[in-house]
Amino acid sequence: MSESLIAIVPAAGIGARASLPGEAAVPKQYRPLAGQPMLRHAVRALLADPRIVQVRVAVSAGDGWVEQALAGLPRTVWRPCGGPNRADTVAAALADSGAAADDWILVHDAARPGLPAAALARLIDACLDDAVGGLLALPVADTVKAGRQRVSRTVDRDGLWLAQTPQMFRAGLLRDALARARAAGLAVTDEASAVEAAGHAPRLVAGALRNFKVTWPDDFELMEKWL
């Protein structure tokens, strides 16, 4: 395989929803889980597959936690490329990586420390021969309701999936998709959204329950049990 596999972890946010009122303002990705920062777990999960040649962590300028959080991890670098939103952070990290157009980029949430090695391998295996690339996802199992304080309707869950990460695309395709989305003023919440907006159909690859995104305060206790 001539193309390299490079992982990008956007870690420039603060994760305010994960904090309880009055808690110290330690960014979510640096809060401890099973004795280690959550970000370290997420990066180690990516390093479990030797086909990933490097993990690049994008942090905010002046980040005072990352060096200690990731000390000693192989094939890992961190760079102050954090932007005002996820898409800008990923685009900056991609530009900083020096990746060739045909290299594969795997973007993974810092708040998904429970990524199983089998799910990561499944994604890579499925995407290496795919013309577009893809993402880990889970079919929606629960009944879905739309509404604010009251239900306005029940949404047909047939064909609905919950997007996870990593999301894996060629560097050239992803770079172009993110640039197009920005030029069009599209608010994309993940890389697949940008790729879809560029006219492509990413592949859906079975994810894992334990690969959920740590978002709310109670999620830390649940993830501790997985780790």
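Glycine is no exception: its Cβ is also placed from the backbone N, Cα and C atoms.
Swiss-Prot has this to say about the protein:
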type: SITE; residues: Arg17; note: site 'Transition state stabilizer'
type: SITE; residues: Lys28; note: site 'Transition state stabilizer'
type: SITE; residues: Arg157; note: site 'Positions MEP for the nucleophilic attack'
type: SITE; residues: Lys213; note: site 'Positions MEP for the nucleophilic attack'
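When the alpha carbons of Lys28 (site 'Transition state stabilizer') and Lys213 (site 'Positions MEP for the nucleophilic attack') are compared, the span between them is 11 angstrom.
For the recorded sites Lys28, Arg157, Lys213, counting C-beta atoms within 10 A of each C-beta gives the highest total at Lys28. When the Cα atoms are compared, Arg157 (site 'Positions MEP for the nucleophilic attack') and Lys213 (site 'Positions MEP for the nucleophilic attack') turn out to be 20 Å apart.
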